[in-house]
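Let me begin by presenting the structure, written as structure tokens, before commenting on it.
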Amino acid sequence: MNTPDFTRLQQSLERGFALDPKAVLQEGWQRIYGAKLTMVLAAIGVAGCWLVLNQLLLPLSGSDEEPWSGSLLGLIISMVVAPMSGGLDMMGIHRSVDRAIRPSQIFDYFRYILPLAVASLLMGFMTSLFLPLGASLGLPAAVAMLPTLVLSMALMFVFPLILEKGMSPVQAILVSLRLFARQWLNLIVIHLLLVVLFMAAILSFGIGLIWVAPLYMTVKGIIYREACGVGGHHKDEHSASRSPSPSANHFEA
């Protein structure tokens, strides 16, 4: 495993980072060639495991009189799927720096199951606050959901920061929010464009997902590369050619 390099991340937090939605999407489109099948199989694997777990554990959730059992079910599924979701993120990152990927990569990160599960639960709690708050204020559900969607975008760096940089769940969440604040408008634009592509893919009876799902994974990887850097990869330094910092392998939040 490569030693985490915090040089680019520290620069992004201190001085920001460049992000051009058009360039990111164009690069993502170029990079999915030769990798679509691998990425689609991995995504199907994650979705399939999620469905199987739901079917297997649903009978154990008990009745409505035992709400704790439903929470336990959600916890178990979250713990199992979080490393696989993180695996999808890492596939996109590896693709963004021309590293080999394979469908079984989604099973490579179960040794991180505890921090990923904790991060997943914390993020779920954070994103669930706005709907009841909006309801209490009498806001329409669509309006109350907007902060939830934006916060979900802001947390896009959490799993990779845990897996690639070795951060704790809380540290990864805080750093992800700070990175999002640096390029919030461009990140929202990119996600809106991807949503449009996903809708078009669904309208094509799902056929378009063969291209859109790998594109989404790869674009996330490119964004992470530009914002955080990837250990062992130096090709991205063309956009910010600077001498190595003494804290290259040490992160200061």
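From the backbone N, Cα and C atoms, a Cβ is placed for every residue, glycine too.
The transmembrane segment feature in TrEMBL is assigned to 37-56 (among others). If one looks beyond the transmembrane segment (37-56) by at least 6 residues along the same chain, the residues whose Cβ comes under 8 Å of a Cβ in the stretch are 76-77, 80-81, 84-85, 87-88, 91-92, 95, 101-103, 105-106, 209-210, 213-214, 217-218.
What TrEMBL lists as transmembrane segment is 68-88 (among others).
Away from its own ends, the transmembrane segment (109-131) comes close to residues 75, 78-80, 82-87, 90, 141, 144-145, 147-148, 151-152, 155, 158-159, 162-163, 168-170, 172-173 of its chain (Cβ-Cβ under 8 Å, at least six residues beyond either end). The transmembrane segment annotation in TrEMBL covers 109-131 (among others).
Beyond the ends of the transmembrane segment (137-163), by six or more residues, the same chain brings 82, 85-86, 89-90, 93, 109, 112, 115-116, 119, 123, 126-128, 130-131, 169, 171-173, 175-177, 179-181, 184, 187-188, 191, 220, 223-224, 227-228 to within a C-beta distance below 8 angstroms of the stretch. Annotated transmembrane segment per TrEMBL: 137-163 (among others), in sequence order.
Outside the transmembrane segment (184-211) by six or more residues, the chain places 19-21, 24-25, 32, 36, 40, 150, 153-154, 156, 219, 223 with a CB less than 8 A from a CB of the stretch. Taken from TrEMBL, the feature transmembrane segment applies to 184-211 (among others).
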